[in-house]
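Copied over from TrEMBL:
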| type | residues | note |
| --- | --- | --- |
| TRANSMEM | 12-34 | transmembrane segment |
| TRANSMEM | 46-68 | transmembrane segment |
| TRANSMEM | 75-94 | transmembrane segment |
| TRANSMEM | 155-176 | transmembrane segment |
| TRANSMEM | 183-201 | transmembrane segment |
| TRANSMEM | 237-254 | transmembrane segment |
| TRANSMEM | 260-277 | transmembrane segment |
| TRANSMEM | 289-308 | transmembrane segment |
| TRANSMEM | 430-454 | transmembrane segment |
| TRANSMEM | 466-485 | transmembrane segment |
| TRANSMEM | 491-508 | transmembrane segment |
Amino acid sequence: MSRIFKVYCQWCIRLLTICFLTFYLVMTISGYFAKFQKIIYPGKNVLLIGTIVALGFFALIWGVAYWLSKHYVGWLVVTLTLLTIPKIMLIGLFKISPVSDIYSYTNLGGSSASGDSWRWMYSNGGLDLNPLFPSVIHISSAFGWIDRLFINKPFTIQLFNILITLTTAVLIYYFGRQIGNHFVGILSSLLFYLMPTYYIYSVLPGYEPLWLLLLVISSLCFNRWRLGHWQISNSYYWGWLLMTIVSLILAQLIRPLTPIWVLSFFFFTWMTLHDNHISKAYQKTRTPYQLAGSFLILIIFTLFLAIAPKVDRQIYHIPFTNNSSLYSFTVGSNIRAKGMYDLTLINKLEKINRKNHSAQRYNQMNVLLKSRLKHNLRYLQRTNGWLNFLIQKNQVLSQSFYGIQFFVMNTKSLSDASLSSHSNVSFPRWLTGFTTGFQIILILSTIIGLLFYWPNLKYWRIGNGIVLMAIILDGVLLASCLVEVQSRYQIAWYLPMIILGALGMGKYDPKAPDKEDVKKIEEAFDNLKSPSNKTKY
């Protein structure tokens, strides 16, 4: 593929991403004022003041990042650790009382940690509809092993999530530095860790912190693999490639949205602009090596998807369904439920579950789901309601106050029933205005990052990194239009959006002076020579 054509493709992808982000900027604002959301009483003045405060908060993050960029990276870790203290205080002040799927994770994980087998839980009705959702069993199983190692209580998972969120922030620093520089890495880390709604949500025993950690690891390993000056016989080539595949497979076990990353990696490899300081002789071998590697990732991941149901049945001795994505597509196409949780459908599935206790009930459930999916699509086609439906779904997805909502629902500070009665309290109103304003500014920063760094043959590393993030972001946003939506599902945006937003906030200057220790690290990433590579290019 010619270099000019690759640059043209990068332009198209960036413009497409800018269009998507502009749409989601509008959805964020309109979702805040949407009539169907019952969490808060929105107000124009509240949103305006919240956005101004969020702008000041962004300025503070930029200032702290600038100061930290002049110091050793250990100062960033210390800063993140200090910012973790309020999370631990939240655990102490608000006792967890899990509801919804968080209840399933903690309850099933606790049962597993207590010695109950998955087969026993299935036979005694403890799994309910969860054989339709293998990811719930995988998450609960992981939580069960953590409970076994420490204390079989929900706060163990809360502390675990706090720890891995801190680890994720540190890894995002390294990933941001790979794509941009030291300053961009620090900005990325702080933006991620201080996102107000996720800061609150990461205290709860949900699956997202672990899933996000695995996605960051896979992206970091893939980026390191593609940047390396390694022959195919080099152990570093296979080491980074293997770590990418393993982390992607583990992420898929937790949430079925992971194929977007696999496809993005594969598509990106075909349009990568290689660095121009590598000799032409090496470029002739590097391109086929990387294409072969990305194809290998795709093949292994696809094979895993094919055999996963059989492997799950052997491990857990549960008759898992073969089509775990069918429920999400069915709910995501229901215009009456706005693509969200469908209580009517759940009641019908529960009815089948109660009447039939054999493994054949899941086949009946799949028949019902397929029938409802066809009905939903026919209804949308007959009423021509596609556009309004997509707008409603994305308004739900773009609402930035899921952290407050789920924290209140899952603690004993306020019951779920009392949530609406407290929705007019001043603090929740102003906090949701602030979180919405934060998201607005982050989206604007992301758009600036895409506009500021146009395809450039000189700064190939930044250009390629931006395109990789843009492809992933486009894939996530498109997939959100097809499947079930909840506002917390926007967490899938965070990695690409934060990296692009940090690039929009931080100016890249390769000639700027830097600290000696940081400079050496930067040179290691720029030269990208493995210790075992003695060949000079």
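Our numbering is plain: 1 for the first residue shown, then up by one each step along the chain.
Backbone N, Cα and C atoms are what each Cβ position is placed from, and that goes for glycine too.
Contact counts against the transmembrane segment (289-308), taken as Cβ pairs under 8 Å, peak for 237-254 among the stretches 75-94, 155-176, 237-254, 430-454, 466-485. Sequence-distant contacts of the transmembrane segment (75-94), counting only residues of its own chain at least 6 positions beyond either end whose CB sits under 8 Å from a CB of the stretch, comprise 64, 68, 155, 158-159, 162, 166, 169-170, 173, 186, 189-190, 193-194, 199-200, 202-203, 407, 411-413. If one looks beyond the transmembrane segment (430-454) by at least 6 residues along the same chain, the residues whose Cβ comes under 8 Å of a Cβ in the stretch are 11, 14, 17-18, 21-22, 24-25, 28-29, 32, 39-40, 42-43, 46-47, 49-55, 57-58, 191, 195-197, 398-401, 403-404, 462-463, 466, 470, 497-498, 500-505, 508.
Touching of the transmembrane segment (155-176) and the transmembrane segment (491-508) is concluded from the presence of at least three CB pairs under 8 A, sequence neighbours closer than 6 excluded.
Against the transmembrane segment (12-34), the recorded stretches 46-68, 237-254, 466-485, 491-508 differ in Cβ pairs under 8 Å, and the greatest number is found for 466-485. Panel annotation: around the transmembrane segment (466-485), residues 10, 13-14, 16-17, 20-21, 24, 179, 219, 223, 257, 260-261, 263-265, 267-268, 271, 325, 327-329, 331-332, 338-341, 390, 393-394, 396-397, 449-450, 453, 455, 492-493, 495-497, 499-500, 503 of the same chain, lying at least six beyond its termini, place a Cβ under 8 Å from a Cβ of the stretch.
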